[in-house]
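**Student:** Handing you a structure now.
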Amino acid sequence: MEKNDSANGDVQQEGEEEKQHFSSVASTYFDQKIQIPDVPQTRFSFRKLWAFTGPGFLMSIAYLDPGNIESDLQAGSVARFKLLWVLMSATFLGLLMQRLSARLGVVTGFHLAEICYKKYAKVPRIILWVMIEIAIIGSDMQEVIGTAIAFYLLSNGKIPLYAGVLITIFDTFTFLFLDKFGLRKLEFFFTFLITVMAVTFGYEYVVVAPDQPALLKGLFVPGCADCGPKQILQAVGIIGAIIMPHNIYLHSALVKSRDVDRTKKEEVSEANKYFFIEAAIALLVSFIINVFVTSVFAEGFYGRRPEDIYDKCLAEGNPYAYLFNVTEVQVDIYRGGVFLGCQFGIAAMYIWAVGILAAGQSSTMTGTYTGQFVMEGFLNLKWKRWQRVLLTRTIAIAPTIFISIYEGIEQLSGMNDLLNVLMSLQLPFALIPILAFTSSTDIMGDFKNGIVMKIISGVLALVVIGINMYFVAVYIQELPHHWAIYLGVAVLILLYFGFVLYLVWHCFVTMEIEIFSRIPCPSFLRTVPNDTYEEFQDEVDFELSGERGLNIQE
């Protein structure tokens, strides 16, 4: 009898420690929760939509970072308007994934990294954390690159690249103080940056005046006539640029900033509805901005000879005309700004640079929050945000500043393509967990995924894995022909796809597909047994009673 009491005491203590883990993680979030107005639930309310507005727009910033801008102008330059339907499809698929992410946070009260802490054994959990950290650092490098190039263009080269890279350290710490003014003001500031991008890139769109019938055809008629390997590779890259793995972790945490009574099914359902509407509006705005960028360079670069652009730059007296004194047109966010300055006046170049600066700065802050949520959720390791920023930004700056000093702006700008491929490789490590957990009755209860959503999400995961295999095949062909290199790559490929297969197996086990539960697995990889939905809700009740809001003051 004493043994049983002791065992029960140990279990209870372990449960309390786990709850304290989640409560401590939650306490690093926002200072206070936004109250939802008391309006009858039988009709749509703009007041309630306004109360829920915020997390979706912060999430949508990842769809507008410098890596996406780079992907947009590349798509326009190599395929004109032919890949706009791919951009629209990728944005729609991204919306579906963000819907799952938001639902997970609303229904459970925990964000994705916290649930990974509960549901994965230690070894795969650490590996998963490392993969997501790689994605965050890769995204941070894109933000550093975009910001440095923006400063370079705005100063007419007087701020050298390495100085622009170093400036990003200090401006990030400056933005950390914004949340001192309250959650709503912080969300307003991010919305302001999105507005800056819409105005600047919209201005370029109006000035260039793309062919509207061709644009609409590219949007709504799938296909890519006369497309070769370059266009296909770009289409594949669009998906990696649009659907960001760490963004799925971010959105599941951001929705916790609204005061939703999770004990009432009607309020949870209503929150899911309004968060989805808000996310759809935010991603529609981001999609329009991406279309602006793609269309500008589809009209400006596609089919153009470099000598024509070079002559135009010389005629305008542009000091960067030498960039187009080449045999083949090369396009990136730096050359894109120079081209706009040659074609439509120097003001167009400055306006472009302001848009790139807004993209880089907005992404910096959301990346900071994501990094903190991921580290605390996966590791139960609580850092102050300035420490987290210093670590991530230092890792991101090291290779960036090296290239900016020894290689130059052309190579620095071109790094965005490689980083987009890196993002695509990390996608399974967000897609598979979010599909697994939102399809589990024990975690989501009545709000679990239906069969249609399971099929769509599963197909998307398979497409992403197939895309990654394509990227790997293309990359291997470009490697030096040496047995040691091939051996090293083969080992990395086996480890990568082996871990993806493990996540797929874990996904099926979490969804309680019995045949997969019978597959033998080493003890250090075994899935953590599911709690019941009621046990999950007990933990939510503990969190809500123990914390009166979320704190990011440190």
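The backbone N, Cα and C atoms fix where each Cβ goes, glycine too.
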**Student:** Tell me which of 83-100, 389-406 corresponds to the transmembrane segment entry in TrEMBL.
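**Tutor:** Range annotated as transmembrane segment by TrEMBL: 389-406.
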**Student:** Of the listed stretches 126-153, 232-254, 338-359, 418-439, 483-505, which one has the most C-beta pairs under 8 A with the transmembrane segment (451-477)?
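**Tutor:** So the stretch in question is 418-439.
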**Student:** Any chance the transmembrane segment (418-439) and the transmembrane segment (126-153) are in contact, meaning at least three CB pairs closer than 8 A with a sequence separation of 6+?
**Tutor:** yes
**Student:** Find the member of 126-153, 190-208, 389-406, 483-505 that has more C-beta pairs under 8 Å to the transmembrane segment (232-254) than any other listed stretch.
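**Tutor:** Ranking 126-153, 190-208, 389-406, 483-505 by Cβ pairs under 8 Å to the transmembrane segment (232-254) puts 126-153 first.
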**Student:** Could you check if the transmembrane segment (338-359) is in contact with the transmembrane segment (483-505), meaning 3+ Cβ pairs under 8 Å among residue pairs at least 6 apart in sequence?
**Tutor:** no
**Student:** Is the transmembrane segment (389-406) packed against any residues at least 6 beyond its ends, judged by a Cβ distance under 8 Å, and which are they?
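**Tutor:** Distal contacts: 136-137, 140-141, 143-145, 148, 160-162, 164-166, 168-169, 172-173, 176, 367-368, 371, 383, 412, 415.
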